[in-house]
Amino acid sequence: MMNGSKEKLEESINAAGAPAVEYYDPSKESIWTRLGVTVESFKRAPGIVGDQVIEGDLAHEDLERVRGEGHALQAKMKPRHLAMIAVGGSIGTGLFVGSGSALRIGGPAALLIAWTLVGLLLVNVTQALGEMAIVYPVSGGFYTLSSRFLDPGFAFAMGWNYCLQWFVTIPLEITVAATTVQYWTDALPIAAWITIFWAVLIILCIFGTLGYAEEEFWAASLKLLVAVMFTLIGIICICGGGPSSEEYNHYIGGLHWRDPGAFANGFHGVCAVFVTAAFSFSGTEVIGLAASETPNPRATMPGAVKGTFWRIALIYITTLTIIGLLIPYDEPNLLGGSGSATSPFVIALDRAHIPGLNHLVNATICISVISIALSSVFAGSRTLLALAETGYAPKFFTYVDKSSRPLFSVLTFLLFAPIAYVSVVAAGDIVCTFYAPSDTRCIFIPCVFLKKVDWLVAISGLSAIVTWLSICLCHIRFRRAWRVQGHSVEELPFKAAAGTWGSWFGVILIILVLMAQFYVALFPIGGVTDASERATSFFQAYLAAPILILFWVAGYAWKGTKPKRAHEIDLDTGRKSWLTVEEMREYRAERARAPLYIRIYRILFSN
C-alpha cells in the first residue's frame with residue numbers, strides 16, 4: 001500500500017528512465033567526509049539527496065518529479081535526536097535562571113498562570129507545525145510554508161527577523177556561558193572563556209547536523225535529569241524531609257503563597273511574567289526546521305510533537321510549581337544576586353544546604369546556554385538558506401557542502417560570536433542584569449555590553465512571537481486550501497489535536513501576549529517618570545514591530561508578490577505524503593485493532 005523505501009524509489013525511477021535532475025549519494029563518500037572533517041567535505045554537494053520517504057502509490061513519472069523536488073540537506077537526524085530536541089531543546093536559562101526574575105516580578109501564582117497559558121499556546125503551535133511538516137518536510141520549514149500559504153513579503157520580513165534573533169543570541173549565550181564559569185573560578189579572564197566557548201561552538205558546527213543533533217540529545221538528557229532530580233528533592237523539602245538543622249526540616253506546604261503572597265505586583269506583574277513566559281519558550285519551533293533533515297518525518301514528528309506537551313507539563317509547570325513553594329518572591333538573592341547565583345534552582349539547593357547539587361545545576365546552566373547557541377546557528381543557518389533559495393538573500397547562501405552544512409550560512413552566524421568580546425571591560429568586569437527582549441532570559445553580562453547591544457536585541461525582540469503567529473496562520477490557510485482544492489482531512493498522516501480551533505486559539509493568545517508586552521513596555525514595573533526613559537523602554541520592547549513592517553513593505557516593493565487565494569495555493573511542490581482517504585482509513589483501522597495498552601501509548605507518545 002505505502003512505498004517508502006529509498007530502494008523502491010530507485011527501482012521505480014530507473015524503470016521510468018533516467019532522472020531529470022542530478023542526485024547525490026552521500027553513502028559513496030568516506031565516513032570522515034560525511035562527518036565533515038576532510039577537505040572534500042567542504043566541497044559543494046553535486047546534487048539533491050532525495051533520501052526522504054515518500055508515502056503513497058504514485059506513477060513512475062510522479063515519483064521522479066516528487067523526489068526531484070528535494071534539497072541538498074541530508075536526512076541525518078535519528079528519531080532519538082528529534083524526540084530530545086522537542087522534549088529538552090528549548091530548556092535553558094529561561095527556566096533555570098529567568099524563572100527567578102519572573103518569580104520576583106510576578107510571584108508564584110503569576111508564574112503558573114503565565115507559563116500554563118503560553119504552554120497551551122505552544123502545544124497548539126507544535127501540533128499545527130507537525131501536521132504541515134509531515135506533509136511538507138521542506139527546506140526552511142515554517143519560513144517556506146509562510147511564503148507559500150500566507151505572503152512571500154511577510155515571509156521575507158519574518159525570515160530575516162528570525163535570523164536577526166539568532167544573530168544576537170549567539171554572542172549573548174557565549175557571554176552567559178563565560179560568566180557562569182565564574183561561579184567556580186575567576187582564574188581566567190572572561191575573554192579567555194569567551195574564546196574557549198567560541199572554539200567549542202565552531203568544533204560542534206564542523207560536524208554539521210549530526211554534531212547539532214548529538215549535542216542536543218545529550219544536553220537535553222542532562223537538563224531533563226536535573227529537572228526531574230530537582231522536582232523530587234523539592235517535593236521532599238516541601239514535605240519537611242530536608243536536613244534536620246536547616247529550613248526545610250518541617251512541612252512548609254503553601255507557606256510562601258500566604259507570606260509574602262501569591263502575587264508580587266498584581267495584574268501588572270502577571271502581564272510582565274506573561275511576556276517572559278512567552279519568550280522563554282523560544283526555540284520550540286526548531287523541530288519544524290529539523291523535519292527536513294529526518295528520513296521519515298511521518299514516523300518521527302508525531303512523537304516529537306507530543307513530546308513538547310510532556311516537556312511543558314512535566315518539566316516547566318512542575319518545576320515552577322516547586323520553585324514557587326520553596327522560595328518566596330522577596331528572596332534577597334532574587335533581588336540582588338548576579339550570575340547563575342540568582343537561579344531559583346541554585347537558591348533552593350543553597351537554602352536546603354544540600355552540598356554539591358548547586359554545582360551540578362550550574363554546570364547544567366553552562367551546558368544549556370552553549371546548547372542554545374548551537375541551536376541558534378542551526379535554526380538561523382537553515383532559515384538563511386531558505387531565504388536564499390527563494391531569492392530574498394544572496395545566492396551564495398544556498399551553498400550546501402557534502403557534509404550537509406549550509407556552509408556560508410553557518411559561517412555567517414559563527415562570525416557574529418566575537419561580538420561577545422564587547423563584554424570585556426578593561427577596568428574589570430562589572431556585572432549587571434541584562435533583560436534580553438529576544439528571549440526574555442535573565443542574562444548576566446558586563447554593563448558595557450548592555451549599552452552596546454540592547455538596541456540591536458530590540459530589533460529582533462518580537463521574532464519568536466511573529467514566528468508562532470505565522471505558523472498558526474499558515475495552518476489555518478493550509479486547511480482552507482486543502483479543503484477548497486478537494487482534499488479530505490482524512491488524507492493527512494497526522495492531524496493537529498484541536499484542528500484549526502487550536503490555531504485560532506494560538507492567534508488570539510499571541511495577540512494578548514503582544515498587548516501585555518505593549519502595556520509593560522509603556523508602563524514598566526517600578527514606574528518611569530522621565531519621558532526619555534519611558535520612550536527608550538517602549539521602543540526597546542517594540543522596535544521590532546516597525547522593523548517587521550519595513551521589511552514587509554520592502555519585500556512587496558522588491559518582488560511585487562501578493563497573497564494567493566485558497567484555490568491558487570500550491571499544495572503539491574515539496575509534498576511527501578500522497579496517501580488517499582482509503583489508504584488512511586485502512587491504516588487507522590489496522591492500528592485500532594492493536595491492544596489497548598499500545599493504543600494508549602500511541603495516543604500519548606506517538607501517532
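Glycine too: its Cβ is placed from the backbone N, Cα and C atoms.
Feature annotations, courtesy of TrEMBL:
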- 81-564: domain 'Amino acid permease/ SLC12A' (DOMAIN)
- 82-103: transmembrane segment (TRANSMEM)
- 109-129: transmembrane segment (TRANSMEM)
- 149-170: transmembrane segment (TRANSMEM)
- 190-212: transmembrane segment (TRANSMEM)
- 224-243: transmembrane segment (TRANSMEM)
- 263-287: transmembrane segment (TRANSMEM)
- 308-329: transmembrane segment (TRANSMEM)
- 360-385: transmembrane segment (TRANSMEM)
- 406-436: transmembrane segment (TRANSMEM)
- 456-476: transmembrane segment (TRANSMEM)
- 496-519: transmembrane segment (TRANSMEM)
- 539-558: transmembrane segment (TRANSMEM)
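Only pairs six or more apart in sequence are counted, and the transmembrane segment (539-558) with the transmembrane segment (360-385) gives fewer than three Cβ pairs under 8 Å, not enough to call it a contact. Outside the transmembrane segment (190-212), and at least 6 residues removed from its termini, the chain residues within Cβ reach (under 8 Å) are 35-37, 73-74, 76-77, 170, 174-175, 177-179, 181-182, 293, 370, 373-375, 377-378, 403-405, 410, 414, 417-418, 420-421, 423-424, 429, 446. Per-residue pLDDT, averaged along the domain 'Amino acid permease/ SLC12A' (81-564), amounts to 83 for this model.
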